[in-house]
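Now, the feature entries from Swiss-Prot:
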BINDING   ARG17, GLU18, LEU19, LYS20, LYS117, ARG520, CYS521, TRP566, GLU610  5-methyltetrahydropteroyltri-L-glutamate binding site
BINDING   ILE436, GLY437, SER438, GLU489, ASP604  L-homocysteine binding site
BINDING   ILE436, GLY437, SER438, GLU489, ASP604  L-methionine binding site
BINDING   HIS646, CYS648, GLU670, CYS731  Zn(2+) binding site
ACT_SITE  HIS699  active site, proton donor
Amino acid sequence: MTILSHILGFPRIGLHRELKRAQESYWDGHITQQQLLNTGRELRACHWQQQKQAGLNMLPVGDFAWYDHVLTTSLMLDNVPVRHRNDDGSSNIDTLYRIGRGNAPTGQPVVASEMTKWFNTNYHYIVPEFTVGQQFRLGWTQLIEEVDEALALGYNIKPILLGPISYLWLGKAKEKHFDRLSLLSALLPVYQQILALLAQRGIEWVQIDEPALVLELPTAWCNAYYDAYTDALQGYSKLLLTTYFDSIGHHLNIITNLSVHGLHVDLIAGNDDVEVLHRTLPSNWVLSAGVINGRNVWRADLPSKFKQLRSLVGQRELWVGSSCSLLHSPIDLSIETRMDPEVKSWFAFTIQKCNELKLLCNALNRLDDTKYQAILADYSAPLWARQTSEKVHNRQVKIRTEQITENHSQRQQHYLDRINVQRARFNLPILPTTTIGSFPQTTAIRSLRLDLKSGRIDNEYYKNAICNHIKQAITEQDALGLDVLVHGEAERNDMVEYFGEHLNGFIFTQNGWVQSYGSRCVKPPIIIGDISRPKPITVEWAWYAQSLTQKPVKGMLTGPVTILCWSFPREDLDRKTIARQIALALRDEVIDLENAGIGIIQIDEPALREGLPLKYSAWKEYLTWAVEAFRLNAAVAKNNTQIHTHMCYSEFNDIMDSIIAMDADVITIETSRSNMKLLDTFKQYQYPNDIGPGVYDIHSPNIPSEDDIIQLLRKAAQVIPIKRLWVNPDCGLKTRTWLETRKALSNMVNAAHKLRREEEYNRS
């Protein structure tokens, strides 16, 4: 039996972010819809060719998406909210954009659907909306069209479908007490229709993704797998039931009773034993072993992968693949021309990971030919050399980390005592207005950074120019009447990458882009060694901004857990220790900001929830060290220094005790798309500290009206005492234009002023 290689998905953005540029050009009216569609077709053809050249046996189709693959699935199932529908009931790419971002070149602006994190990754998906009695039908046929494209090019393909149970799990019911699982019977006929269309095209295998199977699911959801995968989806192409991001051993009793033809298991994030899987799964099933890490950039230890799988060779049909979609990996290491050659030898990006699968397949298919095993050893040799590299180990960091005590994580006084001191210091009005940190990253700002890196300008010119942008941001905020200001973060390319550039233990790529959501891409830093701070990072900019105004200016830090979660971490050190190292480095930054006269310091932790293990039984351990890392970072602050934190894309009802334990003086959160429903949790738990619920959605170009914001603030005031309410957008304003920013913030400030006057009148 020949071992085959495949991946669960290929990055869709293009080597040079062609998809991002095409979409934004289309949104801005610079290219036509047909030109946009042509770009997508060219990218898909290029990606298939790259995979074929890398030696993969089967190529995925259906991994391409214009905004998000979950949103694509919604359109395929005709699950389009009424507010987003075209007048004639049809769906097209503009429908997709209205759902995802609230705006498209055609149709009217409308509230976008919610966006949240894809399991515990830094990728975002658009949350499907479900209603009572909802019907489904085959809508957008992008998948079928892409299958036809790939077949016409002569490729051996494996279409991808997001499975019906996971699709329902990932969505949200719009009515209270409505069980979205009840829609399964209405959903399955559409899946049958899709599978029939694929079978008609001669498709042998379909990858049907059911990542929800790695979770600790309620009984009803477990039982639903029998309904979906016994008879309903049979009689078409063979189904590869695909799981990722964790182990599936706890659900093997369910999986083995389903009428599928193979199982893919993530053997990187999960701890499933391949021998147990082999003994447990039906003998006629394919076992697809996800042994190449789809979520990190490190070169694989191929000899250990070979050892892990060799006993299965000849025992059953075996495929080797990526642990998950390579959506989460940069595309090609070979174009990184400035990276230290030693460090570069430690990595593998998407193209290189495909090659790793080919090398592993070659060795497994030729067990008797030792030269192929020698090739594996030669390939992985740089990983073993890394173990003694001076770029990895810092004894002083290790000593400092080992000396951490419980006292390092405790503020001097309780919040109720601190807040009185802080209110006396800052003398802010009720409903104080602020922003989350960043202001628009204009072409001029991005050009400055590019010119500095290319040597076209010197550091002095760059600093003066950044100071001018900071001055503009302060002037704009003063003119708008905001109460607590920010310096605007003109010097920052990305909230994580910027800090990584100024900390020892990180390295950076030129083109290591991955998709975050829609057209937004990020270039995560890579943690290669022990972390320390050689000198202050943000103090110079914060001090300058504060010198321009009498109003308080926030110092802006990215928290240790977020830096960890949004970087590619090292694989030879546990996450708790890495987070502690980052926290200690940023702790020193808090001290220096205070010494520079900065009285409000925001430590953003938007990734706190996404770092949660997928299995609830492992949450306590993670939350303990994650909260400790935040407190280790923040607790050094004086009592009259106000610590803020920001979290977005989060649901807090099941981690509220940990949010309270963080002991931030003020927390700002994303709530506008959920219409302030998130605040019910804060009321239920009697959240004791100040809170700023986001009053408008910065991910959409739509401008909120004063009345919209007032309505949201009134809802918030019913849940949170008004003396503890702050007024702010959902998130940073980096991706918005100045025109959008001025209009939205002006309406936000005016809304706050109106409610202040009402409150003063009611008190008089």
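Our numbering is plain: 1 for the first residue shown, then up by one each step along the chain.
A Cβ is built for glycine as well, from the same backbone N, Cα and C atoms used for every other residue.
Note that the structure is a prediction, hence the values are computed from the model and not measured.
Cα of ASP604 (L-homocysteine binding site) to Cα of HIS646 (Zn(2+) binding site): a span of 5 Å.
Every protein chain considered, the tally of other Cβ atoms within 10 Å of the Cβ of GLU670 (Zn(2+) binding site) stands at 25. Other Cβ atoms within 10 Å of the Cβ of LYS117 (5-methyltetrahydropteroyltri-L-glutamate binding site), summed over all protein chains shown, number 23. Put simply, of the binding-site residues ILE436, HIS646, CYS648, the one whose Cα is nearest the Cα of LEU19 (5-methyltetrahydropteroyltri-L-glutamate binding site) is CYS648. Taking the Cβ of HIS646 (Zn(2+) binding site) as reference, residues of its chain lying under 8 Å away and at least six apart in sequence are, in sequence order, ILE436, GLY437, GLN602, ASP604, GLU605, PRO606, ILE667, THR668, ILE669, CYS731. Every protein chain considered, the tally of other Cβ atoms within 10 Å of the Cβ of ARG17 (5-methyltetrahydropteroyltri-L-glutamate binding site) stands at 18. Between the farthest pair of Cα atoms in the 5-methyltetrahydropteroyltri-L-glutamate binding residues (ARG17, GLU18, LEU19, LYS20, LYS117, ARG520, CYS521, TRP566, GLU610), the distance is 28 Å. Cα to Cα, GLU670 (Zn(2+) binding site) and HIS699 (active site, proton donor) are separated by 11 Å.
CYS521 (5-methyltetrahydropteroyltri-L-glutamate binding site) sits 18 Å from GLU489 (L-homocysteine binding site), counting Cα to Cα. Within the set of binding-site residues (ASP604, GLU610), the lowest number of other Cβ atoms found within 10 Å of a Cβ is recorded at GLU610.
Residues ILE436, GLY437, SER438, GLU489, ASP604 are listed as the L-homocysteine binders, and the farthest two of them sit 13 Å apart at their Cα atoms.
When the Cα of ARG17 (5-methyltetrahydropteroyltri-L-glutamate binding site) is compared against those of the recorded positions SER438, GLU489, CYS648, HIS699, the shortest separation belongs to HIS699. Sequence-ordered, the extra residues of this chain that approach the L-homocysteine site, with Cβ no more than 8 Å from the Cβ center of ILE436, GLY437, SER438, GLU489, ASP604, are THR435, VAL486, MET495, MET556, GLN602, HIS646, CYS731, GLY732, LYS734. Between GLU489 (L-homocysteine binding site) and CYS648 (Zn(2+) binding site), the C-alpha separation comes to 18 Å. Rounded to a whole number, the distance between the Cα atoms of CYS648 (Zn(2+) binding site) and the residue listed as 'active site, proton donor' is 11 Å.
Sequence-distant contacts of CYS648 (Zn(2+) binding site), defined by Cβ-Cβ distance under 8 angstroms and a gap of at least six in the same chain, are PRO606, ILE669, GLU670, GLY694, ASP730, CYS731. Neighbour density for GLY437 (L-homocysteine binding site): within 10 A of its CB lie 25 other CB atoms from the protein chains shown. A sphere of 10 angstroms centred on the C-beta of CYS521 (5-methyltetrahydropteroyltri-L-glutamate binding site) encloses 18 other C-beta atoms.
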